[in-house]
Amino acid sequence: MDAKTLDPEAQSDQLPGEKVNEEHTAYSSQYDVFWQEPTSEDPENPMNWSFRRKWCIIGMVSFITFLTPLASSMFAPGITQVLEDFGSTSNLLSAFVVSVYVLGFAFGPLIIAPISEYSGRTWVYNVCNVLFVIFNIASALAPNMASLIVFRFLDGFAGVAAITCGSGTIADLVPREKRGQAMAIWSLGPLFGPIIGPVVGGFLVEATDWRWVFWVLAIVGGAASVIFFFVVPETYAPILLERKAARLRKSTKDTAYRSCLDSGIPPKQLFLRSLIRPSKMLVLSPVVALMSSYVAVLYGFLYILFTTFAIVFDGQYGFSASASGLSFLGSGVGMLVGLSYVGTLSDCQIRIKLERKETPVPEDRLPKYLTIPGSLAIPAGLFIYGWSTDKVVHWIVPEIGNATTGFGMIVILMCVQTYLVDAFLAHTASAVAACTVLRSLLGALLPLCGLQMYEKLGLGWGNSLLAFLALAMAPIPILFQTWGERLRTKWTIDL
């Protein structure tokens, strides 16, 4: 890359291809490289690509975003076999070998997000997809528990790329007023993947053994990686404009051509700046910190449920391994309903404002008709699940509770993700990375104390404790609709 390295923060808060600030639409000199005028017709601008091409890209990114979280829990039904094979009886170790994958999700974004904003998204996707396949093969061949834990961590570290960069890819391709539906489909992966995983894994483990879980993931991941390589091009505007400038420099033999988003910052300094950006946003931005904390707590609760479903439904209802896997489907049904609900309504407020010739703001992604039902459904579902399993009411009742919780989870996650994308458009990957780091940490660590909590408090009061905490945090997205813009403008940070 040229010494005058491009800087993503040089972008306006709107993507090229949308209406942009005047300094970005008019060349300050003949050497500044931007999209061809009118920008809405430039075929190199990802915003102008065909509907079919855009949705092929979004579909592939969404599939990988589904596959890698699927791998986090697909292995869970085989944990008993793993303990027997490696001669262990530790319940803590059995929980950790499952959740260590999510711990990889926590650390991966800290490296992946800066690299994607520095050198482009596609390169990161393709390398991480290959590593995901390699570490699944290594897990299938693991000779002992220690090596399995290490390979699972590395698998999660590589597998988080689509979760970290996916929202940025969607923001590259889809204008703000149409972004809600695409974000809804993409957001389903991190929640729905861990639900389908144990269902498939339960039957697979019963039919073969636990190692075949990793072989299947490697085979599917390998096929998806090949298709991904040919289907998904680079979409990040600063990288595309820098490449365009490089072509002009080469064809004209004139080194003065440069991207209009080129900041002139030296490469090393720019990379270090990118490297600390997610942590900086998490610590210094109350918007990122509070929203990420809320999502992280809910995600931790979800993984407590996921890591204990098999034990609870086996102990309380006598479910087999495969039937215990099916117990995850209640949450899945709720998420599908939530996806339909939020996907339909997420863009409504944006479109209404545009029709009125008003300027939409990121807080329009947090309408009360989404955040109130979503934030209240989570504690309601936890109460229903906890007390119905505690009293051994018919299994359909806790499944209704799980469906209610799943509905709330997808609605809140979707609202928060789209809010962060719209609020930090120039640094979407870093904002989502900050959120992913925190939620993955709690998703990995909270399940380690889930069984102990149920042993001490019982299923009823244990889940009630989670419900009360979720209820206490429920006002956060509702308050941000009112106060979010003020917080964003008051607590601006140098990224």
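Using N, Cα and C of the backbone, Cβ positions are placed for all residues, glycine too.
TrEMBL entries are annotated by machine, without manual review.
These numbers come from a predicted model, not from an experiment.
Here's what TrEMBL has on this protein:
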- 57-490: domain 'Major facilitator superfamily (MFS) profile' (DOMAIN)
- 1-22: region 'Disordered' (REGION)
- 55-80: transmembrane segment (TRANSMEM)
- 92-111: transmembrane segment (TRANSMEM)
- 123-143: transmembrane segment (TRANSMEM)
- 149-171: transmembrane segment (TRANSMEM)
- 183-206: transmembrane segment (TRANSMEM)
- 212-241: transmembrane segment (TRANSMEM)
- 282-306: transmembrane segment (TRANSMEM)
- 326-348: transmembrane segment (TRANSMEM)
- 369-388: transmembrane segment (TRANSMEM)
- 400-420: transmembrane segment (TRANSMEM)
- 432-454: transmembrane segment (TRANSMEM)
- 460-480: transmembrane segment (TRANSMEM)
Should the transmembrane segment (92-111) and the transmembrane segment (123-143) be scored as in contact, given a threshold of at least 3 Cβ pairs under 8 Å and pairs 6 or more apart?
no
Out of 55-80, 149-171, 183-206, 432-454, which stretch has the largest tally of CB pairs under 8 angstroms to the transmembrane segment (282-306)?
432-454
Applying the under-8 angstroms CB criterion, which one of 123-143, 149-171, 183-206, 369-388, 400-420 scores highest with the transmembrane segment (326-348)?
400-420
CB contact flag for the transmembrane segment (183-206) and the transmembrane segment (400-420), at least three pairs under 8 A:
yes
Near the transmembrane segment (123-143), which same-chain residues lie under 8 Å Cβ to Cβ, leaving out any that are not at least 6 residues past its ends?
61, 64, 68, 71, 112, 115-116, 151-152, 154-155, 158-162, 165, 211-212, 214-215, 217-218, 221-222, 224-225, 228-229, 232, 234
So which of 149-171, 212-241, 369-388 is most in touch with the transmembrane segment (400-420), counting Cβ pairs under 8 Å?
369-388
What mean pLDDT score does the domain 'Major facilitator superfamily (MFS) profile' (57-490) have in the model?
87
When you scan the chain for residues with a C-beta under 8 Å from the transmembrane segment (149-171), skipping those not six or more beyond its ends, what do you find?
15, 57-58, 61-62, 64-65, 67-69, 71-72, 75, 96-97, 100-105, 107-109, 112-113, 116, 121, 124-125, 128-129, 131-132, 135-136, 138-139, 142, 179, 182-183, 186, 189-190, 232, 235-236, 417, 420-421, 425, 428-429, 432-433, 436, 440
Would you kindly list the residues that approach the transmembrane segment (432-454) from elsewhere in its chain, counting only those six or more residues past its ends and only Cβ-Cβ distances under 8 Å?
91-92, 95-96, 98-107, 109-110, 112-113, 160, 163-165, 167-168, 278-279, 281-282, 288, 291-293, 295-304, 306-308, 311-312, 416-417, 420-421, 462, 465
